[in-house]
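As recorded in Swiss-Prot:
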type: TRANSMEM; residues: 34-54; note: transmembrane segment
type: TRANSMEM; residues: 58-78; note: transmembrane segment
type: TRANSMEM; residues: 96-116; note: transmembrane segment
type: TRANSMEM; residues: 129-149; note: transmembrane segment
type: TRANSMEM; residues: 150-170; note: transmembrane segment
type: TRANSMEM; residues: 205-225; note: transmembrane segment
type: TRANSMEM; residues: 241-261; note: transmembrane segment
type: TRANSMEM; residues: 311-331; note: transmembrane segment
type: TRANSMEM; residues: 350-370; note: transmembrane segment
type: TRANSMEM; residues: 394-414; note: transmembrane segment
type: TRANSMEM; residues: 450-470; note: transmembrane segment
type: TRANSMEM; residues: 477-497; note: transmembrane segment
Amino acid sequence: MSRSLTGALAHSFLGQSPRWYKAVIALFLVLNPLLLATLGPVVTGWVLVIQFIFTLGMALKCYPLMPGGLLLVEALLLRMTTPEALYEELQHNFPVILLLMFMVAGIHFMKELLLFLFSRILLGVRSKAVLSLLFCVLSAFLSAFLDALTVTAVIISAAVGFYAVYHRVASGTNPREESALDSDHQVEQLHREDLDQFRAFLRSLLMHGAVGTALGGVCTLVGEPQNLLIGHEMGWHFADFFLKVAPVSMPVLAAGLVTCVLLEKLRLFGYGTLMPERVRQVLAAYAAEDDAARTQAQRIALVVQGLAALILIVCLGLHIAEVGLIGLMVIVLITAFTGITDEHRLGRAFQDAMPFTALLVVFFAVVAVIHQQQLFSPLIAWVLALPSEQQPGMLYLANGLLSAISDNVFVATIYITEVKQAFVNGAMSREHFETLAVAINTGTNLPSVATPNGQAAFLFLLTSAIAPLIRLSYGRMVWMALPYTVVMGGLGWWAVTYWL
């Protein structure tokens, strides 16, 4: 009986994660108390940070909330930080939690409008370079005001929808009936080459769209969660943030868009594949049927969502309230005027954001450990000991390298908190503090496109239903992101070092 119970517990521990991963996490949990007793809290604190970064890097094996949460519960039990310190961190960063709770849910109710826009662009533009540029620009613009995860989710929804239609037609089934999209056994030989080409076409569009969310997300206060966190620490509103970051974000945005066009024209790194004409004909016929069947209520819903989007942009620009509260207003407006009154439909809007919100609380627990043990103080002191003109570039590199393997919200939280503490202690002027804040913000946003680990939108794309269908693997995503990483990361460093 005891063996079966032990086996069942081992099997259920961290669910479907690989055995080696479960063993590593268990080893961490056993090792930490021993390290604390023998080597002290500072060494153990650094080990804990590395362990937590490991859980973020292995996000495809297991969502980091569970293993990271276990490590931080242990840290609390070992008194490496206190519940009171964690609560203070949460209070201090409450605007970020509000953003994730309400803004992401609010944008969920705009999905029909966003899906409508992306679908029109996909079928209305024949030039692949222009189409890719439009996807990148629209993703960047939307991510500057909305949530990058939601924008990515909309692009994925459009891609899944179009892929499903053509896959069913290629398999000889009704495009409006459910079928197994993950199997090509029934795909007719005539359509196989077109299907493979369509997969490559969708891969490139999705990558352009995902990069677009990073290009736009760095620009504004609400573009990424870490932006709001940094803006909150600095006391910047929407317009303030945009203007402070613009010397870096605007040149990088322009360079990113030029890169998008060049990749398509030169057909490098897996880009440049065109949509097969037979696929276009099938999708256009399907879209025409949808337009003809659209009801008056659905048309009204699109108008309401469009008006709500305009109100959202105006409210953000004028900073009439905290960002999360504006998101709550969007929820109320759209649901009230489109007749969504069922609490189960409302609840689905919060499903995407709440796991990451919970993970963010774990981030703040790690930050509380770092504060209490003063882990990053020597590193920040070393950076601040450099000549002032070298400090922004060095912080940018430090943030960029760590953000590429870890989560950029976590990295930004650590660095902005430590730099602000140095400012409070009188180690720098307000002007220099603002320069370092911009370096931290851009350092966590731009080089992190290198891997899916750094950008939540990239990780979301990699773990979505569309990735296996279009053969988008981790390695292929890194390869396709490489030119963007070099251009955005390199120009970002140059701008931070010489233009701020």
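Cβ coordinates are placed from backbone N, Cα and C, and glycine is handled just like the others.
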Same chain only, please: residues at least 6 beyond the ends of the transmembrane segment (450-470) with a C-beta under 8 Å from a C-beta of the stretch. Say none if there are none. 56-57, 59-60, 148-149, 151-153, 156, 159-160, 163, 167, 181-182, 199-200, 202-203, 206, 210, 213-214, 217, 356, 403-409, 477-478, 481-482, 485, 489
Counting only residues at least 6 beyond its ends, the same-chain positions whose CB falls under 8 A of a CB in the transmembrane segment (205-225) are 96, 99-100, 103, 122, 131-132, 135-148, 151-152, 155-156, 159, 231, 236-238, 241-242, 245-246, 248-250, 252-253, 256-257, 260, 271, 316, 323, 360, 408-409, 441-442, 445-446, 448-449, 455, 457-458, 461, 466, 470, 472, 477, 480-481, 484, 488
Using a Cβ-Cβ cut-off of under 8 Å, list the residues of the same chain that are 6+ residues beyond the ends of the transmembrane segment (350-370) and lie near it. 45, 48-49, 52, 63-65, 68-69, 72, 75-76, 80-82, 85-86, 88-90, 93, 96-97, 100-101, 104-105, 108, 149-150, 153, 225, 376, 407, 409-410, 413-414, 417-418, 456
Region pair the transmembrane segment (394-414) / the transmembrane segment (96-116), three or more CB pairs under 8 Å: no
Below 8 Å between Cβ atoms, which of the listed ranges 34-54, 96-116, 150-170, 477-497 makes the most pairs with the transmembrane segment (241-261)? 477-497
Same-chain residues at least 6 beyond the ends of the transmembrane segment (150-170) whose Cβ lies under 8 Å from its Cβ atoms: 104, 107-108, 110-111, 114-115, 118-119, 122, 135, 139, 142-143, 177, 179, 181, 187-188, 191-192, 194-195, 198-199, 202, 205-206, 209-210, 213, 279, 282-283, 286, 352, 457, 460-461, 464-466, 469-470
